[in-house]
Amino acid sequence: MNVYSVSMIVYFIIAFAIAIIYSRKRTTSNEDFFLGGRQFGIVFVFFTMMATFLGAGTTVGTTAWIWKRGLSQVWMTAGYAVVFLFIGLFLAARVRRFGTYCNAYTFADFLEMRYNKSARYIGATLMWFAFMSIAAFQYMGIGRIINTVTGIDYNIAVLIAALITILYTSYGGMWAIAITGVVKGALVFIGILIMAPVLYMKAGGMEGIASAVPVQHFSLVGYISPGQALTWFLVFFLGIIPMQDWWQRVLAAKGEREARMGLMYLVAGFVFIETLIYMIGFAGKVLEPNIANPESLFPTLVIHHFSPYIGGLLLAALVAIITSTASACLLVASTHFTRDLYNGIIKPNATDAELLKFSKISTLGLGVLVLVFVFAAPGMFELFVISADILGASLTVPILAGFFVPRVGEKAGFYAMLAGIIGWAVSYMGWHPMGFGPAAVGGFFSFIAVIIGMMVLPPADRAVLEKMGLMKPDETVNVIKG
């Protein structure tokens, strides 16, 4: 057993101990399990979000994609950064206010109150699929690291990753993710801050990288067309808005200010960390030009270019952050399964104790089911894009219209969701007008449906808007009747 393996084992023991402690001390209700009792301050909102978005996609995935495509990858990064700036400025406070008015847990609660139950169940099903896929993505990332470090067969490594994630999440819930998220976020910040300049200098700095890396790597469209670049931006800009993970953090915040500021700090932190990760990816192209599997680049760089003791700490931090992301995704899937299926259809009158028990059991079961997604997936990148694709195509326009356009009524919003799904499906089967992909095509279908719906269908009920905190009782809006 080497230093890297010992470091990861020590981390797993500590994380599991924290999960058990917080399960006993602070997770006594369903609200505690899913939303941390709605007591998150700015620091917890920031670090739990950063821990979620510094998962396998941003570390293992992004370094691999930069190794293959260079700056063409920046369109996805830009989509992330711009959408979270938009959410922080315009959406976070509204979502938190809605949570206060309606005791909401999920974005699906919003869809039901603003539109109808069918919208809720369709939205929850899509979100469940997306986060099962993203959780699978994290299993694959952890498995790839364990495989690289120990030489254990990749499939067995994925099973180990699944076991760790399932036990950790089902015991501790949101509080375990929050407490360890602060520590993990700090560890990854420090780890990447160490890695980037060291690898950059080992690669010969800018001069060494420029002379060794293909010219296309330095072009924003070196490996893709302009249409594909815009599609990648839209996939993540549109796909992030409905994602339950940031809704869950915002609804867990103490108030609107904490929700808004936590996300604004996230944007700054994300841009800083991504810049360092791009440095690592480019340096990796020079230092490991012939790596067989680019998805193993990050752990390979650690093993080959750092001492075992520093490398062990770096890999432990990396596994820590990916485990946190996997746990967050599994918790989202469990939230929808518990609240929208069990509590919504099977047992509407379930007590809080029954819901908490079912939440933990469903987390175990769904964690096992994620393995099906892992072994059926074509690859990490494809799984990531598909999950964001379908959410952005079908849910973003109805959500934004629901918050910002009072004229959009129940039927208009619901039909916009269905139109988005149809547009996504048609494009996914091969129709790409002007080079645009499924997210953009579905989003356009949804937008057209909402415009037509506003013109020919009944407007929203003012009483519903007031109940949701979307309109003040004395507010005058000409398009609302009654």
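Residue numbering: from 1, along the chain as shown.
From the backbone N, Cα and C atoms, a Cβ is placed for every residue, glycine too.
Per TrEMBL, transmembrane segment is recorded for 6-22 (among others).
Residues or ranges marked as transmembrane segment by TrEMBL: 42-67 (among others).
Taken from TrEMBL, the feature transmembrane segment applies to 121-139 (among others).
Under the heading transmembrane segment, TrEMBL lists 145-168 (among others).
Taken from TrEMBL, the feature transmembrane segment applies to 175-200 (among others).
The annotation transmembrane segment is assigned in TrEMBL to 220-241 (among others). Using a Cβ-Cβ cut-off under 8 Å and counting only residues 6 or more beyond its ends in the same chain, the transmembrane segment (220-241) has close neighbours at 68-72, 74-76, 78-80, 82-84, 87, 91, 214, 385, 387-389, 391-393, 395-396, 399-400, 434-437, 439-440, 443.
Residues or ranges marked as transmembrane segment in TrEMBL: 262-286 (among others).
Under 8 Å from some Cβ of the transmembrane segment (306-334) lie the Cβ atoms of residues 2-4, 6-8, 10-11, 15, 34, 48, 51-56, 59-60, 127-128, 131-132, 134-135, 138-139, 141-142, 145-146, 149, 161, 164-166, 168-169, 173-174, 176-177, 180-181, 183-185, 187-188, 190-191, 194-195, 198, 244-245, 248, 298-299, 359, 362-363, 366-367, 370, all in the same chain and six or more residues away from its ends. What TrEMBL records for 306-334 (among others) is transmembrane segment.
For 355-377 (among others), the entry in TrEMBL reads transmembrane segment.
Among residues of the same chain six or more beyond the transmembrane segment (383-405), those with a C-beta under 8 A of the stretch's C-beta atoms are 57, 61, 91, 94, 107, 110-111, 114-115, 119, 122-123, 126-127, 129-131, 133-134, 136-137, 140, 234-243, 373, 377, 412-414, 416-418, 420-421, 423-424, 428, 437-443, 445-447, 449-450, 454, 470. The transmembrane segment annotation in TrEMBL covers 383-405 (among others).
Among residues of the same chain six or more beyond the transmembrane segment (412-431), those with a C-beta under 8 A of the stretch's C-beta atoms are 111, 114-116, 118-119, 122-123, 126, 389-390, 393-398, 401-402, 437-450, 452-454, 457. Per TrEMBL, the feature transmembrane segment maps to 412-431 (among others).
Through the fold, the transmembrane segment (437-457) approaches residues 228, 230-231, 234-235, 238-239, 388-390, 392-394, 396-398, 401, 405, 407-409, 411-413, 415-428, 431 of its own chain, all at least 6 residues removed from its boundaries and within a Cβ separation under 8 Å. As annotated by TrEMBL, transmembrane segment applies to 437-457 (among others).
262-286 is the stretch from 121-139, 145-168, 262-286 with the greatest number of Cβ pairs below 8 Å to the transmembrane segment (42-67). Same-chain residues lying 6+ beyond the ends of the transmembrane segment (145-168) with a Cβ under 8 Å from its Cβ atoms: 2, 4-5, 8, 12, 15-16, 19, 60, 135, 138-139, 176, 296, 298-300, 303, 315, 318-319, 322-323, 326-327, 330, 363-364, 367-368, 370-371, 374-375.
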